[in-house]
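Lifted from TrEMBL, the feature list:
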type	residues	note
ACT_SITE	Tyr73	active site, proton donor
BINDING	His136	substrate binding site
DOMAIN	36-308	domain 'NADP-dependent oxidoreductase'
SITE	Lys103	site 'Lowers pKa of active site Tyr'
Amino acid sequence: MQSPEKETRPELSTMSVQSVPTFPLRSIDEKAIPLIGFGTAEDPFGASRDTLKETIIEAIKLGYRHFDTAAVYQSEQPLGEAISDALRLGLIKSRDELFITSKLWCSDAHRDLVLPALHKTLKNLKLEYVDLYLIHWPLSLKPGKHDFPFKKEDMVPMDMKSVWEAMEECHDIGLTKSIGVSNFSCKKLETLLSSARIPPAVNQVEMSPMWQQKKLRKFCEEKGIVVEAYSPLGAKGAVWGTNQVMECDVLKEIAQAKGKSVAQVCLRWAFEQGVCVIVKSFNKERMKQNLDIFDWRLSDDELLKISQLPQCKGYPALEFVSDDGPFKSLQELWDGEI
């Protein structure tokens, strides 16, 4: 996916309210993806379950149209209820105005469990289809539980070929408009692409100014895979988060010079790299600020300073590493991309 600032990039369409730009996915029947998504993962999962519906309704009022959930987040049901209420209240005229992403949890990453898992997701969301369905991680867990953290002895290798075939079937029968992956390295994408009938449309990975994923972004652009950035602000305060982004002096200096927040600088930077960002704040003012990144830009000097920041992955995902599991080291999990 090319940078929004390059002339070679396809013309962006816009959505209502805050006019969030969109980018087309692979094929004609797939809906364009809004380049800012509203994330619903929090630490611990389900912590704001009772108030999440109202937060999502507020997000729709502000202009968010892309919502990111997952089976393990415990946010599918509140999101579904919010969509129903938004339709009833006239905040949106049709479900088709929204772009909904969910993810297959590792305990369902088995050939015969993918379709039932998506059916359960759709029941939770009260929808007939999702716009994007992702494999959450490139490994499987023993079937039965949707827990995080999980027992390391429950980790088993994923049969990537057969699981992806089941994902393709979900696409074929119209339960998801697009299929993709999350937390896949270049090497794991190569393995998947070698047998895939339908290539992944998206790879959702950690990305921020402090973890810029240059190699992976180049690979994905060459293969026609859209990169989605999670934790673009570092997910400060979460178990998978770090404060290194929001406390970065270079980013603070740029923000002060621009009269913007550090968060806005991070999101604008990601937009200028040509990626989709998943941003999560349940604070109304910050939710609004996170959409205010499209009518200004970073200078070449500012972009250069950001490109030279020391790189450090915020979430190494040690939970997925075990001497007895499919990945015995972080190097194996990320194939050296760490």
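Quick reminder: no glycine exception, Cβ is built from N, Cα and C everywhere.
Sequence features annotated in TrEMBL and their locations in the structure.
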residue: Tyr73; record: active site, proton donor; Cβ neighbours (10 Å): 24
residue: Lys103; record: site 'Lowers pKa of active site Tyr'; Cβ neighbours (10 Å): 28
residue: His136; record: substrate binding site; Cβ neighbours (10 Å): 21
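The two recorded residues His136 (substrate binding site) and Lys103 (site 'Lowers pKa of active site Tyr') have their Cα atoms spaced 5 Å from each other. If you take every residue in the domain 'NADP-dependent oxidoreductase' (36-308) and average the pLDDT, you get 94. With respect to their backbone Cα atoms, Tyr73 (active site, proton donor) and Lys103 (site 'Lowers pKa of active site Tyr') stand 9 Å from each other.
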